[in-house]
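K.L.:
Dropping the structure in here first, questions after.
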Amino acid sequence: MDNSFNDSRRVENCESRQYLLSDESPAISSVMFTAGVLGNLIALALLARRWRGDTGCSAGSRTSISLFHVLVTELVLTDLLGTCLISPVVLASYSRNQTLVALAPESRACTYFAFTMTFFSLATMLMLFAMALERYLAIGHPYFYRRRVSRRGGLAVLPAIYGVSLLFCSLPLLNYGEYVQYCPGTWCFIQHGRTAYLQLYATVLLLLIVAVLGCNISVILNLIRMQLRSKRSRCGLSGSSLRGPGSRRRGERTSMAEETDHLILLAIMTITFAVCSLPFTIFAYMDETSSRKEKWDLRALRFLSVNSIIDPWVFVILRPPVLRLMRSVLCCRTSLRAPEAPGASCSTQQTDLCGQL
């Protein structure tokens, strides 16, 4: 009885606390802010170089930037904007030794932080879903993709996602749900236990993660089918036909390699978001007393914030040479597991997945 009373008093103290405790340090928040801004700026610089290369291409040449990279650019911009709009509020709280509730009249800083946090977390997941859907259509339904999907249409994805996120995350401002302050007083989020909005928000994120994983699995299966069909067609060719349109076969291998690179990048970003969202999902479905006692609220926020920091670094680290290395490892394992057909004339060639001649 006394423990539950103390827990409720602690919750009320966190929601109304005006000053930070003396042992609170801004070190973690500062490192996260610096890493987030630096990673996103480097990723944007690399993407800008690709955009400049695309602009310099002649009218008849192949463009160097794809719809997938348009969506990656929009994801990086979203992560950078979220980092720059959220972290400075936390650093201001530490510098003034005041909680977010006390930082501005009528808890405006607390409401601002909670709204931007929910908005950019949802927008990031919607961007990943858009990227996964683009890959699914490009690989699984190429005819529809060529006729209906364009790079110009990809530019409309960002405002559409922002519009949906704005409507959904504005519900607490319309009295469906409420934003409150959590310990140690440097962050605010959806109130736990008063309405079903927190569970609804977590469920939407979970459904998006499942949808992205479903799209990725479908793309993997389609790539495997394409690889097997291409290998069978090469094996069935006679020696005279093998001396035919070599540039076409080279283009097919390059296309397969690019699709595999896109899939690797998207898969790692999706796994990262799924791992970062797991503590938040657990927190949303826990009862309020247990979540506070086990400090799941603070873990959920930190994991959710880390995602916008990791995403750009994934893109920065997974440059083409690294992706080629990963593809070669995959090809090596595939070739070791697959038995060689005796007398096959194409056994000395690399598979399309490798993207190499």
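One is the number of the first residue shown, and numbering goes on along the chain from there.
Backbone N, Cα and C define each Cβ position, glycine as well.
Pulled these features from Swiss-Prot for this protein:
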TOPO_DOM  1-24  topological domain 'Extracellular'
CARBOHYD  Asn6  N-linked glycosylation site
TRANSMEM  25-48  transmembrane segment
TOPO_DOM  49-66  topological domain 'Cytoplasmic'
TRANSMEM  67-92  transmembrane segment
TOPO_DOM  93-112  topological domain 'Extracellular'
DISULFID  Cys110-Cys188  disulfide bond
TRANSMEM  113-133  transmembrane segment
TOPO_DOM  134-152  topological domain 'Cytoplasmic'
TRANSMEM  153-177  transmembrane segment
TOPO_DOM  178-199  topological domain 'Extracellular'
TRANSMEM  200-224  transmembrane segment
TOPO_DOM  225-262  topological domain 'Cytoplasmic'
COMPBIAS  235-245  compositional bias 'Low complexity'
REGION    235-255  region 'Disordered'
TRANSMEM  263-286  transmembrane segment
TOPO_DOM  287-299  topological domain 'Extracellular'
TRANSMEM  300-323  transmembrane segment
TOPO_DOM  324-357  topological domain 'Cytoplasmic'
K.L.:
Tell me, please, if the transmembrane segment (263-286) and the transmembrane segment (113-133) are in contact, taking contact as 3+ Cβ pairs under 8 Å between residues separated by 6 or more positions?
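P.N.:
Counting Cβ pairs under 8 Å, at least 3, so yes.
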K.L.:
Looking only at the recorded stretches 25-48, 67-92, 113-133, 153-177, which one has the largest tally of CB-CB distances under 8 Å to the transmembrane segment (200-224)?
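P.N.:
Result: 113-133.
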K.L.:
Test of understanding: give the count of other CB atoms lying within 10 angstroms of the CB of Cys110 (disulfide bond).
P.N.:
26
K.L.:
Residues of the same chain, at least six outside the topological domain 'Extracellular' (178-199), with any C-beta under 8 angstroms of its C-beta?
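P.N.:
Cβ under 8 Å, 6 or more out: 10, 14-17, 19-21, 24, 29, 90, 93-94, 99-101, 107, 110-111, 113-115, 117-118, 171-172, 283-285, 287-288, 291-292, 297-298, 301.
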K.L.:
Could you please provide the mean pLDDT value for the topological domain 'Extracellular' (93-112)?
P.N.:
85
K.L.:
What same-chain residues lie close to the topological domain 'Extracellular' (93-112): Cβ under 8 Å, and 6 or more beyond its ends?
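P.N.:
Sequence-distant neighbours of the topological domain 'Extracellular' (93-112): 15-20, 24-26, 29, 173, 179-181, 185-188.
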K.L.:
Where else in the chain does the topological domain 'Cytoplasmic' (134-152) make close Cβ contacts, counting only residues six or more beyond its ends and a cut-off under 8 Å?
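P.N.:
For the topological domain 'Cytoplasmic' (134-152), the nonlocal Cβ contacts are 65-68, 70-71, 215-216, 218-219, 222-223, 226, 259, 262-263, 266.
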K.L.:
Enumerate same-chain residues with a sequence separation of six or more from Cys188 (disulfide bond) and a Cβ-Cβ distance below 8 A; give 'none' if the list is empty.
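P.N.:
In sequence order, Leu100, Val101, Ser107, Cys110, Thr111, Phe113, Ala114, Met117, Tyr179, Val180, Gln181, Tyr182 meet the Cβ cut-off.
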K.L.:
Please work out the helix, strand and coil residue numbers for the topological domain 'Cytoplasmic' (134-152) from the DSSP assignment.
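P.N.:
Looking at the topological domain 'Cytoplasmic' (134-152) with DSSP, the answer is 16 helix, 0 strand, 3 coil.
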